[in-house]
Structure formats: structure tokens, C-alpha cells
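Q: Per TrEMBL, transmembrane segment is recorded for A:21-40, A:52-70, A:77-96, A:102-124, A:131-149, A:184-207, A:241-258, A:264-283, A:290-310, A:316-342.
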Ligand SMILES: Nc1ncnc2c1ncn2[C@@H]1O[C@H](COP(=O)(O)OP(=O)(O)OP(=O)(O)O)[C@@H](O)[C@H]1O
Ligand SMILES: [Mg+2]
């Protein structure tokens with residue numbers, strides 16, 4: 001029983017901003033708005049909002065590996081792509097009956113995680129760190145993109161699923177929940193919205209607990225000083241590998257959801273632009289905090305889409321400017337900076353009031 | 001059985017012979033000081049013992065076990081612990097969290113909290129517990145790192161210049177702390193330039209010079225040794 005309570009106490013802690021009744025009330029209000037939102041909107045707009053949510057998982061993966069762990073990985077889109085293609089290949093071959101899309105979801109994420117075990121073992125047990133880690137992960141991502149882009153011929157297929165080169169795969173079934181009578185098909189509107197929102201809340205809270213646990217302590221210790229962490233008896237390579245694999249699974253969740261949402265996946269989802277964008281969301285939001293990452297990603301994505309109306313080149317320039325501004329004004333992230341400022345303000349006000 | 005035994009440890013950095021056939025034996029329960037001029041190879045010897053560097057030749061035995069090929073974290077599990085020359089605290093984390101990270105593998109829950117508080121008191125860092133470790137004074141960082149090192153309850157504690165940046169009073173307190181730990185059964189190997197500290201705590205002293213064991217004995221024997229005085233004077237002239 002006490003173990004149970006202390007488990008949930010880890011929702012708050014030194015590794016996550018936000019604590020106490022004020023924060024959790026705000027959390028409940030935001031969640032309530034999120035739950036009520038489809039009632040006041042149309043299916044198309046809701047489907048578009050799901051698209052934003054889909055990316056938050058890959059942003060959280062980078063937050064974990066880079067912000068908390070201190071290893072800058074450019075490779076998150078590789079895991080995104082592997083899981084996305086994995087979902088496509090599995091569902092195109094085996095269909096959507098008997099809840100198979102959900103099994104394919106889990107299997108595709110597991111494949112991405114397994115790939116991360118292999119790549120991560122090679123990197124961390126080979127003591128590749130810092131800039132070299134970024135280079136290796138980027139190279140792997142771009143190699144995967146190039147490889148998938150040249151799979152246009154009919155000889156490139158897995159079972160009955162054609163890989164289709166540059167054009168990518170399409171027409172895989174959406175996520176489908178088996179239900180007595182009629183299975184529930186999660187098309188890109190309200191149904192998928194609630195599924196993804198539920199998953200997002202679950203992952204966010206689970207990561208808060210993980211990062212405030214003794215495991216999370218070791219992860220940030222390695223970021224601060226890997227030598228000291230090792231000299232406290234921690235096998236640094238093992239912790240880095242586990243973090244990397246969890247991150248890969250999160251990126252894989254984004255990949256599957258993206259593929260199921262639009263019913264397509266292309267090699268460019270692993271390209272240079274795709275690899276750079278999550279870095280910007282996370283850097284702008286605040287890479288070392290989960291909440292800042294979620295808020296920052298959603299805000300930047302919404303702003304990006306609003307600007308795309310005027311032409312995607314401006315939107316990309318805007319992202320660049322935003323990144324430079326962040327580095328200059330609030331190197332730890334704009335959202336995180338603002339939240340810390342609000343926290344200090346609130347503390348000062350309560351002190352004055354008492 | 002001796003606790004630590006170094007046999008003919010050799011380490012080269014390029015053409016530099018940093019430790020040259022070093023033999024050193026520590027008996028359980030002793031406080032042993034390692035002294036020598038700058039660049040003598042003292043810190044390198046620590047890194048060899050800890051597995052951060054690997055010797056070109058030679059062997060390291062700890063409590064009878066050959067640990068020469070073990071990874072650093074595995075040596076820590078055997079009962080080694082260290083405070084580095086340059087304090088290696090987790091700068092971006094609070095003082096309290098620094099200690100928690102050091103203590104959490106041995107204690108959990110309320111027991112962990114109690115242990116952290118006890119250690120904060122022992123180190124005199126209670127009022128700094130919420131501070132980022134990077135904001136501490138140099139001396140406080142030294143104390144904090146010593147605190148983290150002793151959290152592991154090591155059989156052998158390695159201290160690389162524990163009193164650098166401390167006032168004479170603080171140095172004396174550190175000496176008392178080392179004696180206190182030693183009375184509880186901890187063996188200590190300390191690198192130190194501060195001779196007052198060495199006098200206060202050392203039961204045996206080894207002088208390292210140009211990577212070689214130059215002299216060994218009690219503090220009085222070492223101080224009386226003219227050859228030892230000569231190498232320090234030689235350095236002063238250089
Ligand atoms: N990683 C390294 N690569 C190359 N040379 C090194 C390395 N580490 C130390 N050295 C050199 O080895 C020699 C011994 O260094 P070490 O740090 O062991 O000396 P020390 O006895 O601890 O000196 P001090 O009293 O100044 O701390 C020095 O000449 C140093 O420049
Ligand atoms: Mg040194």
C-alpha cells in the first residue's frame with residue numbers, strides 16, 4: 001500500500017516542473033477542455049488536431065534522450081519510420097480483423113525498439129558520445145531514407161505489401177478496435193482523437209513517474225557528469241541504452257499513429273527536414289522538462305501550420321528564427337523559461353500575501 | 001591479506017612514462033598518503049586503480065581479487081570509492097539530489113530521506129541542500145563530493161587532494177572526518193599537497209616522483225629524508 005502511494009508521489013519531483021494543487025488543477029482544466037473539444041468542433045478540425053498530438057510522442061522521445069539524458073540523437077525519425085513502415089507492412093498483409101491493427105501497433109513499436117537495442121548497443125557500449133552520437137544517428141536516418149526511396153520496383157515487397165520507393169506506402173487500414181457486433185474503426189476524427197489523447201496522457205504521466213524515480217535520477221546524473229555517475233557504481237552504458245530504447249519506442253508510437261492517421265508513410269518522413277523539426281520543437285519548448293516539451297511542441301506545430309497557409313518556405317524560415325531566438329533569449333527553452341518565471345512570480349505573490 | 005596491491009603498474013601517454021613499475025600495498029584499516037611534486041603521476045595512479053585508465057602492464061589486486069580487467073562501476077561494487085581532484089559533483093542538480101543519487105542504491109523511502117538528512121548534517125550543508133551544486137564554493141563542493149564518495153560505505157576510499165581550496169580550519173576538520181571514517185574501519189588512500197593534513201592523518205606515506213615510488217615510510221621518516229626535500233626544492237627552482 002505504501003509502495004503504491006509512493007509510486008504516485010513520483011508524479012512530482014525535481015525532474016519535472018509543476019507541483020501542488022495549483023498545477024494539478026490546471027492540468028485537470030486543460031484535460032477537461034481537451035475532452036470536451038470535439039463536442040464544439042467539426043470532424044475535420046478534430047482530425048487535424050490529432051495530427052498535432054501524433055508528433056508529441058517523438059518530441060517526448062527527444063526530451064528523454066537529449067533533454068534528460070544529454071545525448072543528442074538525430075535518429076528519432078529513423079525509429080518513427082521503422083515503426084510506420086512496420087505497421088504498414090503488417091496490416092497490409094494481415095488486415096484489420098480480430099483487432100490485428102492493435103497487435104500490429106505494438107509489434108511495429110517493438111521492432112523500432114529492437115532496432116534501437118542493436119544500434120544503441122553498438123553506440124553506447126562502443127562509448128560513442130557527444131557529437132559523434134549525433135553524426136551516427138543522423139547517418140542511420142538518412143541511410144534508411146535513401147534505402148526506402150529506391151524501393152520503387154515491384155521486386156521490393158514484403159508479403160503482399162509493396163514498398164513503392166519514393167512515393168511510399170498507402171492504403172493501410174486505420175486502427176480498429178474489435179467490438180461485439182461492429183468493430184470500431186478509428187478514422188482520423190473523433191474516435192482517433194480520444195484514443196491518441198488517452199495514450200498521450202498515459203505516456204506523459206508515466207514519464208513523469210519514471211523521471212522522478214531513482215532511474216530518472218541516474219539519467220540526469222549521467223547528463224551532468226557521466227564519470228561521476230560511473231564512480232557511484234552505475235553502469236552508465238546500460239542506463240543510456242535503456243533510455244535510448246524507451247525513446248525509440250516513443251518515436252515508434254508517433255510513427256504508427258502518423259501512418260494510421262493518414263493511411264500513408266513515405267521515406268521523406270525520415271529525411272533531413274523531418275529529423276530537424278522535432279529538435280526545434282523540443283529546443284524551443286524546453287528539452288529538460290516533459291511539460292515544456294508537450295506545450296512547446298503543440299504551440300510551435302500550430303504556429304507552423306498557421307504560417308504554412310502563406311507558403312511553407314516562410315514557415316521553415318520562421319522555425320529557424322524561433323530556434324535562434326530561443327538560443328539567445330532562453331537557452332533552456334521558451335516555455336520552460338516562462339513557466340519558471342511564473343513559478344517565481346507566484347511564490348513572490350504568496351509570500352507578500354502572507 | 002592486504003586490501004589493495006599494485007604490482008608493477010606501467011602507464012604511458014605517448015612518449016611520457018607516467019607510472020613506472022609502481023608497486024604499492026595498502027593494509028586494511030590504514031590511512032595512507034600519496035605525495036609528490038606536480039605531474040608525478042598521482043592522479044593517473046588513481047585512475048588506474050579505478051579502471052578509468054588501463055595499465056600497459058602490471059596488475060591490480062583488491063581484497064585478493066585481480067581487478068585489472070574490471071570495468072569501473074564493477075570496481076565500485078567491490079568496495080572502492082573516490083573523490084576526484086577536480087570536484088565532480090552534478091552541477092545542475094541540487095545538493096540534496098546529489099546525495100540522493102549517491103545513496104539511493106543502498107537505501108529507499110523514509111530510510112533514504114533520513115540518511116540524506118544525516119549526511120547533510122555531517123557535511124554541514126543543511127542550509128545549502130536546495131542550492132544547485134554548481135553554486136557551492138570550491139570547499140563546499142569538495143565536502144559534497146566526499147559525502148557522495150563515503151555514501152557508498154567503501155572499504156577503500158580514494159581522496160585526490162581533498163583539502164584543496166580549504167582554509168586551515170576546514171582542512172583540519174576534513175582531517176578529523178577522515179580519522180572518524182577510519183575509526184569505523186574505512187581504509188583511506190589520500191593524495192595531498194598540504195603537509196599539515198598529511199601530518200594529521202597519515203600512518204604511512206608514499207612519495208611518487210616521475211612516475212616511480214621514490215620513498216616510503218612514516219611521515220617523520222619522509223620529512224627527514226633529504227632526497228625527498230631535494231625533489232620538492234628542485235621543483236621550486238624549475
Ligand atoms: N589523459 C592524459 N593524456 C596525456 N597526458 C596526461 C593525461 N593525464 C595526465 N597526463 C600527464 O601525465 C603526467 C602525470 O599527471 P597526473 O595528473 O597523474 O599528475 P599528478 O601527480 O596528479 O599532478 P598534480 O599534483 O598536479 O595533480 C602529467 O605530465 C600530465 O600532463
Ligand atoms: Mg593530480
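Cβ atoms here come from the backbone N, Cα and C positions, even for glycine.
On a predicted model such as this, the values are computed, not experimentally measured, just so you know.
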Q: Could you pull out which residues elsewhere in the chain have a CB under 8 Å from any CB of the transmembrane segment (A:184-207), counting only those six or more residues past its ends?
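A: Non-local partners: 11, 31, 34-35, 38, 43-44, 46-47, 49-51, 53-54, 56-57, 60, 64, 96, 173-177, 250, 253, 257, 260-262, 290-291, 294.
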Q: Are there 3 or more C-beta pairs under 8 Å linking the transmembrane segment (A:264-283) with the transmembrane segment (A:316-342), counting only pairs at least 6 apart in sequence?
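A: Yes, these stretches are in contact.
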Q: May I ask which of the stretches A:21-40, A:52-70, A:102-124, A:131-149 has the most CB pairs under 8 A with the transmembrane segment (A:290-310)?
A: A:52-70
Q: Please give the sequence-distant neighbours of the transmembrane segment (A:102-124): residues at least 6 beyond its ends with Cβ less than 8 Å from one of its Cβ atoms.
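A: Non-local partners: 75, 78-80, 82-84, 86-87, 90-91, 94, 133, 136-137, 140, 175-177, 237, 240-241, 244-245, 247-249, 251-253, 255-256, 260.
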